[in-house]
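Data block below; observations after.
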Amino acid sequence: MKLLPHILLMCLALALAWAQGGHQTQHKHQHHAAVLDRCKGLEMDAVAENEEGIPYFFKGDHLFKGFHGKAELSNNSFAELDDHHHLGHVDAAFRMHFEEDPTHHNHMFFFLDNKVFRYFQHKLEVGYPKNISEVFPGIPDHLDAAVECPKTECGQDSVIFFKDDDIFHYNVKTKAVEKKAFASMPNCTSAFRFTEHYYCFHGHQFSKFDPKTGEVHGRYPKEARDYFMRCSKFRDDGDHLERERCSHVHLDAITSDDAGNIYAFRGHHFIRKDDNDTLTSNTVESAFKELHSEVDAVFSYQDHLYMIKDKHLFVYKVGEPHTLLDGYPKPVKGELGIEGPIDAAFVCQDHHIVHIIKGSFIYDVDMSATPRVPTNKRPISVLKKVDAAMCGPDGVKVIRGSHFYHFGSVMQFVAARALPEQHRVSLELFGCDH
């Protein structure tokens, strides 16, 4: 009988442990199962580009890759964050810029509480995680944000750390720390360097700032969903032209018609730039009501716009209004001889050949032939993916992400083994510098 109290106590302890474990498992399951929608105004915990220039937005234990798409669990890409630290969220993140030291250059750093993790190509470097004070002496724990600043923009290769009202400029080479006050800036919940500009995110808004002084110039804060996310329907107010000109989200398609007007499509909206550089913006549905939104590729041929959406081809007569030809849409396969969807398509002036990009290959289709069949299949070596492309008197502009690359001809594009100079879509096509 003396054993009975001990047995009862053991049973009680086991029951409590199972209940606690079940609660934690249930809580973790619920946390992991959370459906995050960045178009509802999320405050991101951290933002950083990966080694290929793709922006990663972190929220809780989830990660958004790029400017649109669904969230995924962060530990799918960075397993050790969870293994070592029971990942709840990332405090700060950046991609190191330090060309003098290849062992650090282009590596990604993640900060969780008092620890720092260093990754290269999604693999945790040996010896990490480490204490923040060991890797970045003089930098406090529990950071709010961090962003890299190359010497071309900060004088020395640096990292800017944010905690509450304090700003720390960390010299990567000397490890010296300079504490600064950015009086005109709000407290940043995350920070991001993109296209050589610096952005402080606070809530679902952002401000562009000077990394050396913290000064904010222009009309800020702005709504992050207008410029860094693909959220075409999150609100009806706002300046649609400003948003579409300046958005960092990639274009879906672009073309210029025979009169020299440029049409650029993104999500539910498009920009029209006429031959005297006047810009207007409207919804796709307002001008091409049968399409509704989100085209895959567009090209111009003989005063008609050929618009590809999934596996269907819509052909519109250019005019006011644009008129869908009778019998359309039709299957892309039947009209162009190639299965949809298509990544990009363009016709160069005074030619009957439409150049079609699908995956990592480019095809030629003679629009004057019957039937139309794809020929001259060639691999594309310089880009893994093309978002949009168009051809004009000065050659071919190929768009990937928020940048485009200019090639003198289709032949030069196909033969290229290295990318030419990078150009910003928002600035050099649409005149927006923020």
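Backbone N, Cα and C atoms are what each Cβ position is placed from, and that goes for glycine too.
The disulfide bond annotation in TrEMBL covers C39-C231 (among others).
Annotation source TrEMBL lists disulfide bond at C149-C154 (among others). Long-range C-beta contacts of C154 (disulfide bond), restricted to its own chain and to partners at least six residues apart, with a cutoff below 8 Å, comprise I160, H169, P211, K212.
Within 10 Å of the C-beta of C200 (disulfide bond) there are 26 other C-beta atoms, taking all protein chains into account. Positions annotated as disulfide bond by TrEMBL: C188-C200 (among others).
For C348 (disulfide bond), the count of additional Cβ atoms within 10 Å of its Cβ stands at 16 [all protein chains shown]. Taken from TrEMBL, the feature disulfide bond applies to C348-C391 (among others).
Annotation comment: TrEMBL describes N187 as N-linked glycosylation site. For N187 (N-linked glycosylation site), the number of other Cβ atoms no farther than 10 Å from its own Cβ, over all displayed protein chains, is 14.
The repeat 'Hemopexin' (87-139) scores a mean pLDDT of 90 in the predicted structure. Look at TrEMBL and you will find 87-139 (among others) tagged as repeat 'Hemopexin'.
Annotation comment: TrEMBL describes 140-184 (among others) as repeat 'Hemopexin'. For the repeat 'Hemopexin' (140-184), the list of distant contacts is 46, 91-101, 104, 109, 111, 113-114, 132-133, 190-193, 196, 198, 200-201, 209, 211-216: same-chain residues at least six beyond its ends, Cβ to Cβ under 8 Å.
If you look up TrEMBL, you'll see 185-231 (among others) marked as repeat 'Hemopexin'.
Summarising the annotation, TrEMBL assigns repeat 'Hemopexin' to 292-339 (among others).
Taken from TrEMBL, the feature signal peptide applies to 1-19.
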DSSP residue counts for the repeat 'Hemopexin' (292-339), split into helix, strand and coil: 5 helix, 21 strand, 22 coil
Residue from C39, C149, C231, C348, C391 whose C-alpha is spatially nearest that of C188 (disulfide bond), among the disulfide-bonded residues: C149
Helix-strand-coil residue split for the repeat 'Hemopexin' (140-184), DSSP-based: 4 helix, 21 strand, 20 coil
Cα-nearest neighbour of C391 (disulfide bond) within the listed recorded positions, C149, N187, C231: C231
